[in-house]
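Taken verbatim from Swiss-Prot:
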BINDING   ASN97, ASP197, GLU456, GLU532, TYR533, ALA534, HIS535, ASP599, TRP1006  substrate binding site
BINDING   ASP197, PHE596, ASP599  Na(+) binding site
SITE      HIS352  site 'Transition state stabilizer'
SITE      HIS386  site 'Transition state stabilizer'
BINDING   GLU411, HIS413, GLU456  Mg(2+) 1 binding site
ACT_SITE  GLU456  active site, proton donor
ACT_SITE  GLU532  active site, nucleophile
BINDING   ASN592  Mg(2+) 2 binding site
Amino acid sequence: MTSIKQILARHDWENPVVTNWNRLPLHTSMSYANERNKREIKQPRKSLNGPWQFSYFENLSDIDEEWRKKDLPTSKIIHVPSNWQLQGDYDVPVYTNVTYPFPVNPPYVPTENPVGAYSKKVFLDNKWLADNTESHVVFNGVGSAFYLWVNGEWVGYSEDSRLPAEFDITEELRAGENRIAVLVLKWSKGSYFEDQDMWRMSGIFRDVDLIRVPKTRFQDLAIETKLDEDLDDATVEVRAQLVGNSADNLSVTAELFYHGMSLFKATEQFGNRVIDERGTNDGQVSLELPVKNPALWSAEVPNLYDIKVSLHDGEENYQIENKKVGIRKVQIKDGLLTLNNQPLLIRGVNKHEFNSKTGYYVDEKTMIDDIRMMKEHNFNAVRLSHYPNASRWYELCDQYGLYLVDEANIETHGVKPMNYLTNDPKYLPLMMERVTRMVQRDYNHPSIIIWSLGNESGYGHNHDAMYQWIKNTDPSRPIQYEGGGADTPATDIIAPMYARVDQDQVEEVNSKWAIKKWIGLSKENRPLILCEYAHSMGNSLGGFNKYWEAFEKYPRLQGGFIWDWVDQGLLTKNNEGQSYYAYGGDFGDYPNDRQFSLDGLLFPDRTPKPALLEAKYCQQYFAFQLEKDPTGKVNYMTVSNKHLFKTVNDATLIYQILSNDQVIETKKIKLNLAPQTEERVSLNFSDNSNEDVYMNCQIVQDSTDGLIRSGTLLAYKQFILRNKPIMISDVRSSDDYEDFLINDATDSLSISLDDAIWQFNKRTGWLSNWIKNGQEKVLTPLKDQFSRAALDNDIGVSEVTNIDPNAWFERWQATGFNHLNEKLVQFNWTALKDEVRITTQHQFLSPIDQHIMFISSKEYRINHVGDLKVYVDVWRQVADPQPARIGLSVQINATTDAVTYSGLGPMENYPDRRSAAIRGKWDASLKELYTPYVFPSENGLRTEVAYLKFDHHVIRALEQRFSFNLSQFSQAQLSAVTHQHLLKPEEGVWLNIDGYHMGVGGDDSWSPSVSPEFLLSNDHYHYSFSWSNAEGEANV
């Protein structure tokens, strides 16, 4: 009996030639049902999920030889599947994007290589161990490498953490108690090829199954669908490969069903398929089943056929497999990626397998919830970044309809140069195995429309070899690969990441051209699909609409995959027992890239960020257009169905006419729209008022359709029919004027009217207090504000050790922007018949060199109705950097949580991310106005605001609309605190009134990405507003 020491002495995990010992060839998924199984055993599969015994060792040399035969006294219970770093004090998760978490010296890994020793006892009866069967154990995901023992006997070894490892353990099993033991290594040479942007964790993190298979069985079962040019005739081809006994007298029968009705049945004997000039392979068989006028599969209409494939000898069925079949044709034609002859528009997102509680393990309910949320937010495609997913995910995507890019588990981002390994023929077998096994397992899924060679591994000769193997094995699907410039010979699709719409990013090698330009380059006729774009880190996705305007305009710009789906924040607790979401460095992990793991459209608990709503709107499947007669009257609206394959007959169009935020007309129309058609709707309404008039259009799902629930908002659009100019006037007659009481002291100026007092500090120039009925209404002075709590996009760090000096935060810090010194240079006041006017001017100086950065002049007008009107002029004195905002900030005293405003909403919106927001009157609480980004930052802005009412405060736009935040947290606290749970509500409420606010950006998060039109680059800015404080219900 070979000892553990002898097995480990080979150092398989550092041998480039060895990727496995005794692992069985991978194949498409099988149920292994047969007639004997039905009689003798209900399920030929036992789940080994659940509690296992676990022992942890800091390195391989610490392993106790006794563990091979029995559990150690110190072993503890661990749950499988999950990662050991999340279940006890065994190790810490490490988050790093590019940098390897160990010294780079391939194929070698550190001697201090932690090991997890798992074991589980399994009881089997004699029926399970019946003759003519084998027992296999299948590990669907183990990282990064493992050795297997059964009942003390060594069985094998496997690498590649994201594909199944199947072993035949028939000879090692016995009736009664059996012990399955797995020794999992944290690092192996495979880790050099798994340098993905994610938490680095270890263990058995996918399902483990013990399966009972017939000795004579299908080794593999490949199903391919073929369509003629007109899509009228299809062929379902079944290719089976035998393992076990001789193929003599063995046949395969395939029967195709649709909605339970048999369509065609065929039987063939093995050896009927000519392979080459030497003839047939006796262990292979091919069958063809014709289908007339097939119901085609697409993500919009995921029609599936059932096929029953049986292996038999005329008397007995050895194996029966029931599969789902989706008939569709994927091709690149005339420079376009097409499905069923229609050019696709990829509404895609990248998705890691991640759960905030269980790490790499994602259960079926979460998968279904993700698919539902994707489809309800108008996504149709997922790139499986950056490795094959659990098999159940593909089945669900086949069933409910999503296009998939299946990606090989290959990324060598942290080596220099990036193709150091992928250009080395020594590693070709390892890389090729990861591609071939992916294709072999996933071949039958109609949801997979593109294969990917991996991610961020440069471009080497090994990529060419993998590309050719896939092309020869599966010519029915295109291949994409981003590495080496996104347009190498190893990709059928130009697949850049973070290329911009109109801006070239010129580099010494592998420049990223503007996507509009890229498709027009000489001799370039491939479609362009962004494998990653719109980096959704924190408060992001600014400028997203620009991509979609380009996608809609240029046919060869066929969409892309947002980065990414969900924040990778791990739910943990601090020493006080308080739960919070952790990111890089929170576990003392090093190296780490901090909060760069938090770049999803969803928070870690899978609730939506505002950016998700922006994506949903821009990607929606319907378009709305108004038609006007020569007089300018709106007569018709055209509703277009942009689905390629789906008839919309289970949805209702609802449109409302609103005047002054009040609904004056509502109409509902049941839709019946064929794909790629439109309906013209007659509009008959009249409004003679001079108020704002809007038309809100919605399309709502009537009843549940697959995972899309009834009542789901499918699409919407707002048309502004009349835009009333902003006008504010006093409401009292001059006959009612009362005298102001003015107290002009050395250090202060007080203006009293009735029960109100306004106080100005003459030394600082600020409005320092506002007292109403003896109560202070402001807790801090009303002061200029030019900065914001830095967004992740402002900080601009993808690698902590590689900070970009051009990042906004770095530029603001370098000039002292966030801590400007104030200097009052003018303070005057005058009393007129109708009002008191106070004028001030401040200079704002850099604390570094005392250079004047801004000059701000204000005129305060207090009238006899108690309104404070504020007129602000700001002059920028330096060209760079531009400010984050031009506005005012104050901490106000408040006794209520209710907020009402008229402006863009209801969700958080910023100047470059507000396509999804519409005008209206919105009611919200302070909590609803706040966006809880895990890494605190500027948040919750609402733009294009006509008025705001909070507590007894009413703020109205004067000359133009404004933006605001209301929060219990100051910008200073948001800037200082690193985690959401550390924020402490402050006294009162912080109000930020912005005349102007720069965009948030989001083309990427490591370089300045705010488009020029959303930067505050003008020399002069002017804004104004009116502020009143009325007891009781204020009139707005």
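Cβ atoms are placed via backbone N, Cα and C, with glycine included.
Features as recorded by Swiss-Prot, highlighted on the structure.
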residue : record                   : DSSP class
ASN97   : substrate binding site   : coil
ASP197  : Na(+) binding site       : coil
GLU411  : Mg(2+) 1 binding site    : strand
GLU456  : substrate binding site   : coil
GLU532  : active site, nucleophile : strand
ASN592  : Mg(2+) 2 binding site    : coil
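When Cα-Cα distances from ASP599 (Na(+) binding site) are compared across the binding-site residues ASN97, GLU456, HIS535, ASN592, the shortest belongs to HIS535.
In terms of Cα distance, the binding-site residues that sit within 10 Å of ASN592 (Mg(2+) 2 binding site) are ASN97, chosen from ASN97, GLU411, HIS535. Annotation for TYR533 (substrate binding site): spatial neighbours MET497, TYR498, ALA499, TYR547, GLY560, PHE561, ILE562, TRP563, ASP1003, criterion Cβ-Cβ under 8 Å with sequence separation of six or more. Between the alpha carbons (Cα) of ASN97 (substrate binding site) and ASP197 (Na(+) binding site) lies a span of roughly 4 Å. The number of other CB atoms found within 10 A of the CB of ASP197 (Na(+) binding site), across every protein chain shown, is 24. DSSP classifies HIS352 (site 'Transition state stabilizer') as coil under the three-state reduction. When the recorded positions HIS352, HIS386, TRP1006 are screened for a Cα within 10 A of the Cα of GLU411 (Mg(2+) 1 binding site), the ones that qualify are HIS386.
Nearest neighbour of PHE596 (Na(+) binding site) by Cα distance, taken over the recorded positions HIS352, GLU532, TRP1006: TRP1006. The recorded positions under consideration are GLU411, GLU456, GLU532, ASP599. Their Cβ neighbour counts within 10 Å are lowest for GLU456.
Listed recorded positions near GLU456 (substrate binding site): HIS413 (candidates HIS352, HIS413, GLU532; Cα-Cα distance within 10 Å). When Cβ neighbours within 10 Å are tallied across all protein chains shown, the highest count among the binding-site residues PHE596, TRP1006 belongs to PHE596. For HIS535 (substrate binding site) paired with ASP197 (Na(+) binding site), the C-alpha to C-alpha distance reads 13 Å. Just so you know, of the recorded positions HIS352, HIS413, HIS535, the Cβ with the fewest other Cβ atoms around it within 10 Å is the one at HIS413. Taking the Cβ of ASN97 (substrate binding site) as centre and 10 Å as the limit, one finds 24 other Cβ atoms among all the protein chains shown. Looking only at Cα atoms, HIS413 (Mg(2+) 1 binding site) sits nearest to ASP197 among the recorded positions ASP197, HIS352, HIS386, GLU532, TRP1006.
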